[in-house]
Ligand SMILES: [Zn+2]
């Protein structure tokens, strides 16, 4: 029962994160105006605001103008639910929940607008260091080595531009949080899934990489459980 409740809370927060990612890019308030359809401005009624359920009832379309709501909302709600379901409600668990929710926000921003807000990356770095401290895993030497690797890759990427700068920052964060084996798995899974998506559905020339990094990170975490 507690797991069901956790999942529900997660879906509501996931839904709010989807809304925040869209509104933050448009420099709109995340509170006002109330949730509405982006196409016809139809103000959503309570039954249209239930995470996951409303999407299924409405078959992914606005009740008034019948234009698509977008799968991003549904994916955000589901991911939010799973993030709460997979983490315990302890101090470390809560820090991890905030980390993963920020990751969800970043992934949605990158997916929709190919941009990652700097404040969200700085917040993730702060959280990562806090998590390393609470877990007693903050090793200064490892931290320094990873920082040097990060600086070199960032410099190389500055000239070659093989991926976005935000993606390099995210990989550095995940490297700091996990270990060499895990980061290799994360890069392999995310690259493979991004290429797969590109091959079957190549609409964009530019691939937003953060959602695939997030997917690989959450997948590995759920497998390890
Ligand atoms: Zn509409």
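All residue numbers here begin at 1 and follow the chain in the order shown.
For all residues, glycine too, the Cβ spot is worked out from N, Cα and C.
If you take every residue in the domain 'Prepilin peptidase A24 N-terminal' (8-86) and average the pLDDT, you get 88. Annotation comment: TrEMBL describes 8-86 as domain 'Prepilin peptidase A24 N-terminal'.
The annotation transmembrane segment is assigned in TrEMBL to 69-91 (among others). With a threshold of 8 Å between CB atoms, the same-chain residues lying at least 6 positions outside the transmembrane segment (69-91) that come near it are 3, 6-15, 17-18, 21, 37, 51-52, 55, 58, 60-62, 97, 100-101, 104, 108, 111-112, 134, 218, 221-222, 225.
Within the chain carrying the transmembrane segment (111-133), a Cβ under 8 angstroms from the stretch's Cβ atoms is held by residues 21-22, 24-25, 72, 92, 95-96, 98-99, 102-103, 105, 164, 166, 169-170, 173, 176-177, 206, 208, 210-211, all 6 or more beyond its ends. Among the features that TrEMBL reports, transmembrane segment is placed at 111-133 (among others).
Here TrEMBL flags 140-160 (among others) as transmembrane segment. If you look at the transmembrane segment (140-160), the same-chain residues 6 or more away from its ends with a CB under 8 A from one of its CBs are 168, 171-172, 175-176.
For the transmembrane segment (180-199), the list of distant contacts is 171, 174, 207, 209, 212-213, 215-217, 219-220: same-chain residues at least six beyond its ends, Cβ to Cβ under 8 Å. The transmembrane segment annotation in TrEMBL covers 180-199 (among others).
Long-range Cβ contacts of the transmembrane segment (206-223) within its own chain (Cβ-Cβ under 8 Å, at least 6 residues beyond either end) map to 79, 82-83, 86, 100, 103-104, 106-111, 114, 116, 163-164, 166-167, 170-171, 174, 182, 185-191, 193-194, 197-198. For 206-223 (among others), the entry in TrEMBL reads transmembrane segment.
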